[in-house]
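Report on the structure given below.
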Amino acid sequence: MFSFVVKLLFFIYFLITFSNASHIRFGTFKWQPTTQYNEIQFTLDLGFRTSAWFSNLPQKNDFIKISFNFGDNVVSTYQLILTTVDSKDDWFTGTSVFSHTYPTLEVGKTANYTAFYSLCCRISTLLNEKDGDFTIKSLVQIDNSNSLDKINWSPVSGMVPIYPVTYGRNNNFNIPASDQHLRPGEYSNLVFTFGEAKPDGMTLDKNTGMVYFMPSSVGLYCAKVIITDKNGAYITLDFILQSEIQNGFCHHQCNNSGEICTKNSDCINCGNLVYNKTQDACLSTKPIFIYPPTPKPNQTQTFVIGEQNEGFNVSCTTDAIGLNTTIQPVGFPIGFITKILEIGPKSTINLLWFPTSFQDYGTYVKYIVCTDSLIKITTSIEIIIKKPDCSNGGFRDKGICVCPKNFTSESDCLDCSKGYYGEKCIAVPLCVNGVSNSGILGDGKCYCNNGWIGDDCSISNSQSCGSLKSGVVSSSIMEQSYINPVGIQVYLANNQKYQIQVNIKIPEKNKLIDVYFLIDINQNTQNEFNNILSQLNDAKTKILELSPESVSFGLGIIDENGLFADLAKIPSDSIVTSLENKKWSGYNHTITGKSLSAATKAAKTPLGWRTNAFKSMIIIPRTDLPLSPIQTEIDEFKNAFIEKSIAPVVIGINVSLSNWNSTLYQCGFGAYKLSSDAQGWKNFVKTAFKETSSSVLGNGVLQNIIFKVNDNSGGLAFLKSIPENLPIDADIEVVKTLSGLSLSLPINYNSSINPSLRVCTIGYGCIDIKTNYNHPPTPNPFGISCNQNSDAIFQLEGSDPDRNILTFKFTSFLSSTEGLIKTSKGIDVSTQKDELYAGSEKFTFSPYKNYLKSLYISFIADDGCLTSDSSAKVSFSINKVNQPPECSSAIVISEFEKTVDFSFTATDFEDDDQLLILNAQFIVSSELASLEQYGQLTYIGAKVTIDTIIKKSVKILFKQTKNPLNLLVPLTFKSKDSSGLFSNLCTQTINITHTNEAPISNDGTSVTIPRSIGNPLSLLSTDIDSKSAIFTIKKVNAGKTGTFYSCTDNSCSCVAGSNDRIDITDNTKYSQIQYAKNQASLPICFTNSEPSAVPNYAFISFTSTDDEGLESNLATVIVNIVGYRTNVAPVVNKIQDYSVYQDYLDSDAHVVTGTDADIDDYNPQNANNLIAIITNPPSNGILVTVQNGSSIAIQGNAPFTHYYRPNPGYAGTDSYSYQVIDTFNAKSSIESTTITIKPINHKPNVLIDVYKFTSESGDGVIETLNTSDQDGDNVICSVISLPKQILMYDDKGVQIKSVPMVLPNNAYSFKLLDPSIITPTPFSNVLSTFSINCVDDSEKTTPKGVLSTGDVIGNVQYYYINTPPKTNISSVKLSQDSFIAFSFEGSDIESNEKLLKVLLYSLPINGKLSKSIDSNVVLTKELIGGDNTFGLDELTYTPLPGQSNWDTVDHLGPLDRISYSIVDPQGLLSPSSTISFQVRSRNPPIYLGDSDISVLQNTRFPLTIEGELGGGGLSVSIRVLSFSGRGNLSISHSMGKEGFFDKLITEYPSQQLGSTSYNFAYNPPRNQFGSNFDQIQFILFDNDIISKIYNITVNVIHVNQPPATELISYRILNQFEKEIQIDGSTINMNVNDSVLIKIYGSDIDNQTVPLVALVSNLPLRGLIYSFDDNSSDYLGREINHTSQLIPLNEDGYWYVIFIPTKGTTGDNYARVPFNVIDEKGVVSQTSTVIINVNSVNLQPKIYIGSNSNTFVGKVNLTISITNITLDDPDSVNNNISLIVSIVDDNDGDEVLPLSIIKLSFTQATPKCNPNLNLALITCIGSKKSLNASISTISVIGSISGKYRLKLFIDDLGYSAPSTVRAESHLNATGYVNIIINDPIATTQNTDNKTVLSGAIAGASAGAALLVIGLWKMIKRSSPPTDTFFDEGAFMGDVSSSPIYEKSETSYVSRIYEGADD
């Protein structure tokens, strides 16, 4: 319910950051747009020194926190994930990938931002830019003028954190970079330039990025390179280069080819070799990458997201013997997998990556390092991560990606469809009351709306206010605190007191006590001050007795100006020293009574108080307060001590404190003590804490629990009471629970503020209380729209700042003619007007039929306690939708031979009668054909066909021309309105009525009968539409003897003796004679007694009358008499069985006839005149007399022709029977004939209903054709033609693209994909037709085979329903006390944005809306709603003065929110939305720190400027505007465990961002002080909200400065040398000498007595004497432990003489420290002189044997030279060098080649190196080993002549002081003569001198090669150090040969090489 508090606290905590710094090595970042033009993904790569961040070695995937500035006033913190950790070189790399959304732009606009990462500081050991700021930045281009695929991306680069380069050689490498978003056909055009960091001598090719660099120094450089693409986007690459010495060898073209070298300049005379930027003279063997498999730097490795790959291999090898290579990928993304394939001198790894995420997309430039443990090499790799053409397995079809399920083609299958998330695009979980984090980068989590919690946001964390009681919402308990809770949040339900329980825990001894001494240094006398100072340690001891292990101290002073100055924050161990250094300031009478304000200032100052410590300040003023202190000062003092929970203890020394006493009593807390003895005040300190009676409550401050509240607390009105004071007098642990802290809700309170208050105990801590209470809810107005005659579902909405569960009640309702609103249970809300509905209730709005006006209802919100102050409206907008016409079914009755008129009945809401048409093409053709069998259908005089257009108001005529039996003929039809919209199917039924026809009595029948008693006769009547008949005998003429009679039951048998005969007379009637098979027969009898034939003897005439009274014709039956005769019955001829086809009208003619053996007829010419009678008609058909006629065949004269007609549709068998009767009524037998009715194939039928769908229908509904076939055959339908603009699909969803096309399952659907491309008018209706042809699958072939319906036209109708406009919840940001012309977000696919309007439902509460063009028009309730609409850009919002988000309940805003809908030109509303106004407070940050600071003279002062957020502020930044500049002001950077690094501010203004606390350091100028010494002027700002200008005055407090000691010079007395200035602190003297040392002392303070100098510690060796100029040896008294003072000489200097112990030497032989002391006993810093007593190097010697120094031999014979020894008196334990060579006997010293003479001797222990070309051997070794080697020297000459053996010895200067060793080499040279004679038997033609001269000349050319041997030998002989002997080892007295010349660059090792003996 109160979660906003947590948010706010977190927000504030997040702002409290600290300025930290570390040793950064490398950095760069790239950027690229994501799925939105202004959503930019950044990839930041950084490298740091590991130990600056981690105490233990970190691992990959560990992280650190970094802050990044996006350049739009947004700074965010992210995790930098470690990607590479190098434990050897102490660095790591990390990558952070994050996204940022920049402000939106209008279409077509662009914007640029400079994003950057900045950090202090670079490392101090850099050769350039040391301690400089580190900043990498990039120009980020936001582009809303291009499609996403054309928006620019930044370049990308990379580097190793420390790039290895070789000192003194060319180091050429490329800055690897890629233009990562080149489009097809483009080429990279990157430009490379240096940033502000550039090593001296480094050059850069701006087009290629090639770097040329020859380091001139060994160490670390930094370089910054700016890489810019052709669009102006740039990135920064910043890295370190490490210049190291590498051993190498000179190029073969150099004179010293193969010689060991370290830099190019070591190689000389390299001939034609040009070593410039690309070639080196000094070469090294390095490891090398093997190409392939290693990709070359200009090659790219491509990976495709989601696709498998094999990665790539990297291989490296080395030729160095015994070394293996190691390959290290640097900074590769976390997903890379490294597999080691090969280890050894050659190493191979595989780098594999399966990128799966869209985040991986882009280009990477990474480095790989190979090392063989001696030398590192690098290579760069460019990696491109591509999106697949269609990601996630999709494929492209006609330019569109067809994606797997749940992926969208709009993103080329890279993103999920709505409602799916993650890389596999699975469905998001249920999210009931929130928004799911969907999309491929989403995590599927449900982010809950306010008031809901749980994974699916289904659990309400709200409750009704009515169920709430006052109580604790949350509390914070701190176990170590004396008072708990330390923080509490309380909900106040009413104005009843609510008690808060307080727990007090006081341990046996207070665990933590902090005591801060505030001492006034303006004591009357120095003695008083010294007494305070002397007792301070004792006072500490007394307090420590209270809690021996846990007391901390601090110290502040009231200075000579009466101002507070903090000398030592808590905890400090040096408060006594701090006060000693401060000294007494001297009495200042002007500061009387200022201790109260100084104490207040001290209480407000951050002094380092520890959390959970008892806090006390001991105030020792010089004077009492004024008699009547200013009340405001007392209040300020009281509130400051209450707010910080500090217990004041005031101690007066020799002064009355009555006014202090009354002030403490007025405050209600504290203690005071008076001491008449300045030395005894220490005793009162402890009692002030315990056992004192001089306190407000009579006991010590530690024993009082005193509750107080700051008078300025904002929530004071909510506080009803605080606990009473609690005395604690027990020494054991006390735990008590206190009551008395109570709160209540004031009757009148500001409902928009939740105030806080702090209740404190004095010393023991505070309770921070946050109050909450209920606020009225607010109903949210909104609008909904629905289509005409459609429903809309809605829920009521409201907001509540307290997150209460809301219910709602309607306050107005709809009328029955407007519409109906029902609940989810179907209840009309107007029937329960006082019902409260839950917020989850769903209502259904149903407008009255065809109601189109706008409607609204009102409702209020209720939170269980309070009802909203006002109601809100729900506005209903009904979208007019063209309604289809409605047709009606009807029946029309027709009569035979009559004409009837009728109309198709239809109505339409929009159209009048003239516009409503009915098209006969919508009448089923088979129905029309059926009707035409019975009559004629005409319209306006013309026959109705399927092409007839019928208007509603014109009658249709039907004349029934046939008189069938009653039947109904349907006409199925549809109506169509003027828009082409069709109705549903209706039926107009034609009731074909049968008109009754009179029966037919059989007429003209003659019967010939013999004389008999009774002959049967039948009177016949035929009638097809009657059930019975009445036979009426019209006339009877029975002849003379005849009688016609009948029987009573109409069934006479005409046999004799019938007793029921009734004679027939005229007008006799017979009724209820039934028709059977359309025939009715009245049997009668005729009897006569005539003996002879009489023609026309009798007759009977009759009629038959049907059921309806129609009388037939008059029929007469004539009786001929033939008298007595016999008669033979006739024989009937059988008709053979035959067959006919189904539904054919008549068969062929058939005849009933027979034969008669006698002549029956009275008239002979009529002999055999038989009567044929159908005795049993067929059951499934009829017999007719005339083909295609309608007269039923019953009987007739034979031969009787008839035709068989089967009943419609019947197939099978049928039969009929027949006989013939002769004239005597003799009947033949009855025969029957069977007819086979053969089935035929009938034409199938299809009915196509009008297919209707709308723009809101979504995918088309599948429609199935209505087919039928009389024969039961399958009907197969095909599409013959397709509609235009509308796409047709089969029932599988496959589009039908070509015709004819069979329809599977005879089903289809339609879609119209994009209404914007409808022609000629987009977003309009489309009416079109298609045609279907259906065939059956009959197997019949005769008389007809397969039949079709023919092409039947179908109609498809797409009706475009105006789409509601859209809008989004949006937010407008502005600043407090400003206004903004804003735009509503609205769009409509049918309309131009300029045509859209805004319908407002509500107005802002805390601001106003006005028209932008006329600010005087302020909107009121009367000007909104209804027909009042506004343009999207028409309004301006202005918040009330001083109002901002800070004035909302949770301070987070928004300040205002209004509801609205967008209205399109057709009046359709969008769903309602809200626009909120986030009014950023213009409350600037606040500085609450000191405006005056006191700085000790010559002391660095750490100045922390802390700012508080202004109300509603977001950040605190600082801008130092100016600094007066007498001292130095620096930004102080925390370097972690390395302490602080101060960086001097050189330019103003100086700005810092991203923290709330900023560290500076102030350093006063040396030895200057004074009040108002410097001024610091600054502002705090929050983005563009700027505070007032703050000033900090710096007072530099004078502190007695220690004097300074200065070492001036020295003079070696024994040598009468001149005075030598002491450079640094070192003096060099020789063994057995003495030295005079001169020192000087100075003091910046004014001294009244001279300074005193002393030797503070006597040296361990040697003696020190004072100087006595009158003594012959200058020695005065010895300076020893008895007296270490040095007498001051008359010239103002002090002199001492140092004499080392006889015969002893050594570096750092003695250390003599000097100090001077001023009159106040302040001692200077020690100045120590270091004395080196050096030995004296002695000359080495060479001894040639005394016998002879000439040796004679012969050519090619060995001469042994002996008796040569060498000696160096002072080379006992160190080596010396020896060169033995043979030169000619002239004065020259050119060494002879081996081709002339050879030289050798035993090489025992020494390290010797014979030259390969010359007679020369170089050795280094001890005297003993060298003498052993040259005891015998062998010489063999191949040419006779005179030679000299030359020996050169160098003592290497080891016996000289190390500092002058290079200049102290001593050497000696000796010669031995050698004469080589030719053999005696040999004749020599050439002069020896000539030969020898030639040989020598030839050898001269190779003299330079000697150096190679010398270097190699010396190199191998060098001690194992980081340097080596150079040619200085051979310096001597030989100068004629170049090989003996002194090197100008000689140097030697600082480590003595031990002799090898």
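Glycine is no exception: its Cβ is also placed from the backbone N, Cα and C atoms.
The average pLDDT for the coiled coil (520-547) in the predicted structure is 84. The annotation coiled coil is assigned in Swiss-Prot to 520-547.
Cβ neighbour count for Cys446 (disulfide bond): 21 (other Cβ atoms within 10 Å of its Cβ, all protein chains included). Under the heading disulfide bond, Swiss-Prot lists Cys431-Cys446 (among others), citing similarity to another entry as support.
In this structure, Cys457 (disulfide bond) belongs to neither helix nor strand by DSSP; it is coil. Residues annotated as disulfide bond in Swiss-Prot: Cys448-Cys457 (among others).
Swiss-Prot lists 421-458 with the feature domain 'EGF-like'.
According to Swiss-Prot, the domain 'VWFA' annotation covers 514-705.
The DSSP secondary structure for Asn112 (N-linked glycosylation site) is strand. The N-linked glycosylation site annotation in Swiss-Prot covers Asn112 (among others) and rests on sequence analysis.
Under the heading N-linked glycosylation site, Swiss-Prot lists Asn276 (among others).
Other Cβ atoms within 10 Å of the Cβ of Asn313 (N-linked glycosylation site), summed over all protein chains shown, number 18. Among the features that Swiss-Prot reports, N-linked glycosylation site is placed at Asn313 (among others), with the record citing sequence analysis.
Every protein chain shown contributes to the tally, and the Cβ of Asn324 (N-linked glycosylation site) ends up with 16 other Cβ atoms within 10 Å. According to its DSSP assignment, Asn324 (N-linked glycosylation site) is coil. If you look up Swiss-Prot, you'll see Asn324 (among others) marked as N-linked glycosylation site.
The N-linked glycosylation site annotation in Swiss-Prot covers Asn588 (among others), and the record cites sequence analysis as its basis.
Per Swiss-Prot, N-linked glycosylation site is recorded for Asn750 (among others).
All chains included, 14 other C-beta atoms sit within 10 angstroms of the C-beta of Asn991 (N-linked glycosylation site). Residues or ranges marked as N-linked glycosylation site by Swiss-Prot: Asn991 (among others).
When Cβ atoms from all protein chains are considered, those within 10 Å of Asn1368 (N-linked glycosylation site) total 13, not counting its own. According to Swiss-Prot, the N-linked glycosylation site annotation covers Asn1368 (among others).
Residues or ranges marked as N-linked glycosylation site in Swiss-Prot (evidence: sequence analysis): Asn1528 (among others). Under the three-state DSSP scheme, Asn1528 (N-linked glycosylation site) falls in the strand class. Using a 10 Å radius centred on the Cβ of Asn1528 (N-linked glycosylation site) and all shown protein chains, the other Cβ atoms total 16.
Other Cβ atoms within 10 Å of the Cβ of Asn1756 (N-linked glycosylation site), summed over all protein chains shown, number 14. Annotation note: Asn1756 (N-linked glycosylation site) sits in a coil segment as assigned by DSSP. What Swiss-Prot records for Asn1756 (among others) is N-linked glycosylation site.
What Swiss-Prot lists as N-linked glycosylation site is Asn1763 (among others). According to DSSP, Asn1763 (N-linked glycosylation site) sits in a coil region rather than a helix or strand.
Just so you know, the Cβ of Cys431 (disulfide bond) picks up 22 other Cβ atoms within 10 Å once every protein chain is counted. Taking CA atoms as the reference points, Asn991 (N-linked glycosylation site) and Asn1756 (N-linked glycosylation site) are 155 Å apart. Annotation: no glycosylation sites among Asn313, Asn1368, Asn1528, Asn1763 have CA atoms within 10 angstroms of the CA of Cys431 (disulfide bond). When secondary structure is read from DSSP and collapsed to three states, Asn313 (N-linked glycosylation site) falls in the strand class. Cα separation, Asn1756 (N-linked glycosylation site) to Asn1763 (N-linked glycosylation site), rounded: 22 Å. In the structure shown, the C-beta of Asn1827 has more C-beta neighbours within 10 angstroms than that of any other entry among the glycosylation sites Asn112, Asn1763, Asn1827. There are 22 other Cβ atoms within 10 Å of the Cβ belonging to Cys457 (disulfide bond). The DSSP secondary structure for Asn991 (N-linked glycosylation site) is strand.
Within 10 Å of Cys446 (disulfide bond), counting CA to CA, the recorded positions Cys457, Asn1368, Asn1528, Asn1827 contribute Cys457. Closest to Asn313 (N-linked glycosylation site) by Cα-Cα distance, out of the glycosylation sites Asn112, Asn324, Asn1528, Asn1827, is Asn324.
The two recorded residues, Asn324 (N-linked glycosylation site) and Asn1827 (N-linked glycosylation site), have Cα atoms 43 Å apart. Ranked by Cα separation from Asn1827 (N-linked glycosylation site), the recorded positions Asn112, Cys457, Asn1528, Asn1763 are led by Asn1763. Comparing C-alpha positions, Cys457 (disulfide bond) sits nearest to Asn1368 among the glycosylation sites Asn112, Asn1368, Asn1528, Asn1763. In terms of C-alpha distance, the listed glycosylation sites Asn112, Asn1368, Asn1763 place Asn112 closest to Asn1528 (N-linked glycosylation site). Cys431 (disulfide bond) carries neither a helix nor a strand DSSP state and counts as coil.
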